Structure formats: structure tokens, C-alpha cells
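Straight from Swiss-Prot, the features:
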| type | residues | note |
| --- | --- | --- |
| MOD_RES | Lys119 | N6-(pyridoxal phosphate)lysine |
| BINDING | Leu311, Asn312, Val313, Gly314, Gly315, Gly316, Leu317, Ala318, Val319, Asp320, Tyr321 | substrate binding site |
Amino acid sequence: MGEEPVPADKALGKKFKKKNASWSIEESEALYRVEAWGAPYFAINAAGNITVSPNGDRGGSLDLLELVEALRQRKLGLPLLIRFSDILADRLERLNSCFAKAIARYNYPNTYQAVYPVKCNQQRHLVEALVRFGQTSQCGLEAGSKPELMIALATLPPPLDRQDKHTKPLIICNGYKDQDYLETALLAKRLGHRPIIIIEQLRELEWVLHISQQLNIKPMLGVRARLSCQSLKSSEISSGNGDRAKLGLTMPDIVTVIHRLEENNCLDCLKMLHFHLGTQVSDIALIKEAMREASQLYVELVKLGAKMRYLNVGGGLAVDYDGSKTNYPASKNYNMQNYANDIVAAIQDACELGQVSPPILVSESGRAIMAHQSVLVFDVLGSNQTGFSEPHPPDENAHPLLKNLWECYETITAEQYQEQYHDALQLKTEASSLFNFGYLSLTERGQAEQIHWACCRKIFEITRQLEYIPEDFQALDKIMTDIYYVNLSVFQSAPESWSLDQLFPILPIHHLNEKPSQRVILADLTCDSDGKIDRFIDLWDVKSYLEVHPLENDGNPYYLGMFLVGAYQEIMGNLHNLFGDINVVHIATTPQGYQIESVVRGDTMTEVLGYVQYDSDDLLEGLRRHTELALSNGQITLEESRRLLEDYEQSLRRYTYLS
């Protein structure tokens, strides 16, 4: 659905506090590292709000707070995923531009074609937008399953009118294949498509040869190689390569493919060499080494008589989630131009040395294309502050342990905080033991723990002022963090965070001209202990807390944003505790501001319950029977039963998240 353009300066809700004289947006920039991971798309404006520049360096920005409040006025509840179509277009354009520059730099006598791996994010609006943006650059699609092949065939327009058969958009057919998959891929050639079937198991070759003869369609084939270079064996991506890789052919397997194609007079069908390092390769050295091996393999295949045309380097182009520009798993020690340069240079050198024609270059850089375009915005529902309440001194007749703890609390100073800290720990342990053996009441134990946490907070405030924090006290950073309860499900909206320890930039989208005085972890709506985020980006390490602002009792929401979540998160999300898909909105920039391209409403309770085979009418009827029985037994009044049934029926139509 489209809407009228909204001027960027007319959006609702400019509820800004005055700038804190002791804090600046430059300090927020340094703390949250927005420029390091977000440039050129995300920044902080003078009002202390996050801005989004969907066109990157070409200018024009939107105030994210104003956008969120305008969307909420349209009855779009949080959590809310905002997709910026122009960022998607810009990422694809940048990738093509980097390879064009590399090709010009090295005088490479061939071209580059991007291919989007549908598995990265299969959402229809995104795939259709990418195909539209990629028409001029012949961007193709990669399918790793039969359903993804269905998407590719129906979404990518058949290039019937294009003369150069080698620059048509490609459909790369990866993954496990049965005979139906292969038949569909082969028949797609009749539509004018250019499907390349990647042989990843030897049995697939026999099926392709048999089906292609039956259909009288000459196949276009590729082989996926298991690279075995030394650095891959010790790296985090080794599971996708080497002798024990899940998919791909060993060197003996590839030789067998060559011989079988020769025997069937089909060696000219082999067109592509493909390898895949992973979706997030942080170290450029791994890419360099893999390219050396793959380039030499390409040359050898040509020398064996294969009519090779493409080198598909797969995925691996990483996203710098923490902005550190290192080989840490959440970062990368290279940029997109370095990546393109190294790929072009490696195959150029190998082909010149081997005296073979250089191939068309192909990459499946899904994460790098998709990650930046989506921003997840959610609100904070409440907090739990550790050791925040002021303790009361124990009575004269109180247990001696309580008196000792209170003395410890009162005598904490910057000069002797270490001794008091260890005393407080010991007394807390003693309190637990005394309670377990019945020598301390529940009330007394509660008071003991309250004083203990007050001691810890007092000591924590002292250690925060130190240039060097002794090792014994470094754990206080984690122990003394508060909990902010947030309106989302980590399992649904950030599954890589809990399953793979993936880091995403998270920060307030407003109040960034004020000092964030609270250190917190985030707890989601689920009743699972894993439903939390307690790892946050930092320059040198992973932080165990996020700096945020105190919650105000002024009725205004406090918004947090999770950035770079456009790749994999939506499709990997699950229905833990039956929290369903969230509201999604697609935003495009206009000369006047922005326009809502489409809205995808999140799951209602009826829809989520249907996923687990519950019918809402049956549920409502079941509750009605229970209320009628309760009415007849005098357990509930008629008015109460009416209200219960009305609330139940209305709830079934509502969003699964809190309003």
C-alpha cells in the first residue's frame, strides 16, 4: 500500500529535552560508535536523535524518532521493523561499483554479476525490490531449496529480449536437489532464464544427465568445491570447507565429474566453479588464500577441456557490526573495495599465468546487501534496579549478622572499599547458610541481601571513578547492571543474538544529547532465561551492559533501536511463547521527505494460534461453555462473563506484543 509523501520536518512528536550541558552528541557518538558501524546511513542529529540517510552519501536524512512516532499515529504498534528501500538499492549499487573499479584498476577483461542468495531474507517485498533495483546490472538470484527456486523463477523476469546470453541474470541452483528440482531448473531455460545447476554431490550429476537427455535440454552446470587451504582448517568457517564439509565436491570428485561429462560428450556444459566460505568472513587473509586455491582450480578445469565461463566466489563479504574494523567475528578488517580488489587480482594473476581467459565474476553477498536496510525499534516496558533502594539500619535486637553488614555498609570509603567488599561477600554467604539451617528468618535474610546489594552499589560507584579497576572488582560491571524489560522477543526478532552470540548495534534512538547514567541488560517478553541480550558492541571487547537513560514517569516511551538486522533475522525467527511476526513498514525517500511504500501487519493472536493448529472459533466456544457452567454454579455473574468473553474475542484479533 502506498501513501502520500510525508515531509521530514512535519512528522509528529518533537518531545526533546534540553541538551545536558555535561554531555554532548559527540560523546554519544564515541560511546555508541554510530559512525563506525553506521556510516553513511546512520548518524546523530543536533536534537539528540538517530537519523537515517537512506541514500547514503548522496544526502537527505530522516529523523528516526519522528518517523517512529508518525508510524505509531498510524496504529502500527511496537516492536516495529522499518525497512529502507533506498538503502537496499544503495548497497547493491556500491557492490557493483566496487567491482567495476577493481576491474578498471587491474584492466580485467571481463565483467561482474551480483547474485542475491534468497535464503538471506526471503520476504517478498525485499526480493522483488532487489530484482527491480538490479535490472540494469543483471543481478540474479540464488536458490538453496525447491521453495526458493519457485521464488526465483516467478520473480526474476525472463530476459527474452537480451542479445548477450552471457550477461543475462543468473539463477544459481544450490542446495540438496531431487529429480523434480532438477527438472524444474532445466525447464526454466525454455523461458529464457539462465539457470546454472551447481553439482554438490556426485549423484546429482547422474540425475542431471538423465533428465536433460529426456527433456532434450542442454544443462548449464557448475561444481561447488570444498577448499582445503590451511587457514580454513583452523578458522571459524572451516565447517563449510575441507574434507568434512557438509556440501561440495572434493578434488577427486571434481575429476570424476570431468570424466563423466567427457564420457557423455557434455564437457562443454560445465560453466561455473563455485565455492562458499560462509556469510561473515572477518579476515581478508582467509579470502585471499581461498581465492588463490579457487583461481588455480579454475585454470586447471579450463586446461582439462571444460568450457568455463563463471567463477562464483559465494558469500563471505562481512558486515562490520561493532565498527572496530578488526578480524573479530562481529567485524571485518577490510572494506568492500578491498574485497573486490583481492578477488579480481587473484583470478587475473592465475589466468595470466595459466594463459586462459578470465571468467565472469559472481558473488552471493547477501549479508552485505541486506543487513543495513532494516532497523528494529522497540520500547522499554519497565526496569529492575539492583541494589537501588536505600537500606534501613537494623534494630537493636537484630541478628548480629545484620549489624555486621550494616557496619560494613557505613564504613565503605574510597580508601578501604576492597576490605569491605570481601566482608560483604562473606556475610552474604553466611546469611544464606544461616537461613538454610533455620537460624535466620525470611525477613532477616531479605534485609541482609538488601544491605549487601547496597554495599555493592556503593563500592561499584567508587570503582567507576578509578583509572584502573582491580580484577576482583571487574565482575561488578556485570553484577550491578540493571534490567530493562523490552517489548520484543529475542527468539523472533534477533535469533542470531541468542543462538550464535551475534552482536548487533543497540542504542537509544533519542535523548542522545543527555548522559546515559544507567547500565543495563535487556530482557525480552518470553519466559525463557535465554530471552535476554547481555552482550553489546565495544571497540576493544564485548561489553556486558548497555548504557541507557533512566526511565521517566512522564508517560513518554523510551525507544531503543537494533540496527543492521536485515539479513537472516526475520526468516530464522521462531514462535517461542507464541510471540509472532512483528509489524513491518517499507519506507522510500522522496524530495519532500518520505513515503510509506507498504505495510505488513504483524501476526494477530488468531494467526499465531492457527500455526499450532488452534481454531479461534473453537477456542471461543470452549471458553463460552466454561462461562456457562460457571454461571450455572454461581461462580461468575452475567456481567463478568460478558466482559470476559468480549475481552477474549477482542484479544484474538490483537497483536501478540504488548500495547
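Glycine is no exception: its Cβ is also placed from the backbone N, Cα and C atoms.
In this structure, the residue listed as 'N6-(pyridoxal phosphate)lysine' is part of a helix by DSSP. Sorted by the number of other CB atoms within 10 A, the binding-site residues Leu317, Val319 start with Val319, the lowest. In the shown protein chains, 21 other C-beta atoms lie within 10 A of the C-beta of Lys119 (N6-(pyridoxal phosphate)lysine). A coil conformation is recorded for Tyr321 (substrate binding site) in the three-state DSSP classification, outside any helix or strand. The local packing around Val313 (substrate binding site), expressed as other Cβ atoms within 10 Å of its Cβ over all shown chains, amounts to 25. Here the C-alpha separation of Leu311 (substrate binding site) and the residue listed as 'N6-(pyridoxal phosphate)lysine' works out to 21 Å. Other C-beta atoms found within 10 angstroms of the C-beta of Leu311 (substrate binding site) number 28, with every protein chain shown included. A strand conformation is recorded for Leu311 (substrate binding site) in the three-state DSSP classification. Considering only the binding-site residues Val313, Gly315, Leu317, Val319, Tyr321, Lys119 (N6-(pyridoxal phosphate)lysine) has Gly315 as its nearest partner by CA-CA distance. Residue density at Tyr321 (substrate binding site): 23 other Cβ atoms are found within 10 A of its Cβ, drawing on all protein chains shown. Sequence-distant neighbours of Gly315 (substrate binding site) (same chain, 6+ apart, CB under 8 A from its CB) are Pro117, His276, Leu277, Gly278, Thr279, Ser363, Glu364, Ser365, Gly366, Arg367.
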